[in-house]
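Below: one structure, written as structure tokens.
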Amino acid sequence: MAKQYDVLFRLLLIGDSGVGKTCLLCRFTDNEFHSSHISTIGVDFKMKTIEVDGIKVRIQIWDTAGQERYQTITKQYYRRAQGIFLVYDISSERSYQHIMKWVSDVDEYAPEGVQKILIGNKADEEQKRQVGREQGQQLAKEYGMDFYETSACTNLNIKESFTRLTELVLQAHRKELDGLRTCASNELALAELEEDEGKTEGPANSSKTCWC
């Protein structure tokens with residue numbers, strides 16, 4: 001039976017509550033948009049498989065709660081992330097200003113070399129804009145990140161931003177991937193990366209199993 005994917009990566013969505021992280025996740029994984037969502041409690045995740053540079057990548061995308069009371073829980077998930085989206089709402093100057101705090105959390109809790117992309121979400125709400133595109137571009141430049149303005153409502157730059165972060169993670173792990181490619185006798189092949197510790201972590205949804 002052919003493998004369904006070659007490698008599994010964990011991506012993380014972080015940012016203030018209400019910036020649209022869950023909407024981004026649902027649009028990318030299910031191509032669905034709901035104008036109202038109950039705030040995420042702790043963490044949740046969804047999966048999607050895409051192909052990048054001939055490699056089938058299984059993406060496990062974790063959606064973290066932005067409320068302060070959940071920070072102790074959500075920070076535990078930083079350490080196993082290969083890629084992180086830092087999300088703000090273009091109609092909320094406050095959420096933009098808080099990106100500096102989120103970057104500080106990433107620097108403290110995420111592994112060295114984790115790949116990052118800055119997202120200015122809700123680009124469809126132009127009439128409510130409080131943060132200019134140039135501000136987002138400048139902040140991303142300061143932190144050495146790629147930048148996208150997105151809209152889960154209109155599907156603007158959703159596939160592009162998720163694909164780009166996956167590409168960055170693949171590039172960062174190129175040596176491991178190339179090494180695993182040469183191990184033709186290894187049944188796990190590229191998927192070995194997901195089982196480096198051989199144990200599960202407890203997600204918010206107990207019916208799902210995480211092997212990364």
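Backbone N, Cα and C define each Cβ position, glycine as well.
Owing to the predicted nature of the structure, the values given are computational and were not obtained by experimental measurement.
Annotated by Swiss-Prot as motif 'Switch 2', the relevant range among 63-80, 117-134, 171-188 is 63-80.
In this structure, the binding-site residues Val19, Cys23 were compared by how many other Cβ atoms lie within 10 Å of their Cβ, and the smallest count belongs to Cys23. Geometry remark: Lys122 (GTP binding site) versus Thr22 (Mg(2+) binding site), CA distance 12 Å.
Counting in whole angstrom, Val19 (GTP binding site) lies 12 from Asp63 (Mg(2+) binding site) by their C-alpha atoms. Taking each of the binding-site residues Ser17, Ser151 in turn and counting other Cβ atoms within 10 Å of its Cβ gives the largest count for Ser151.
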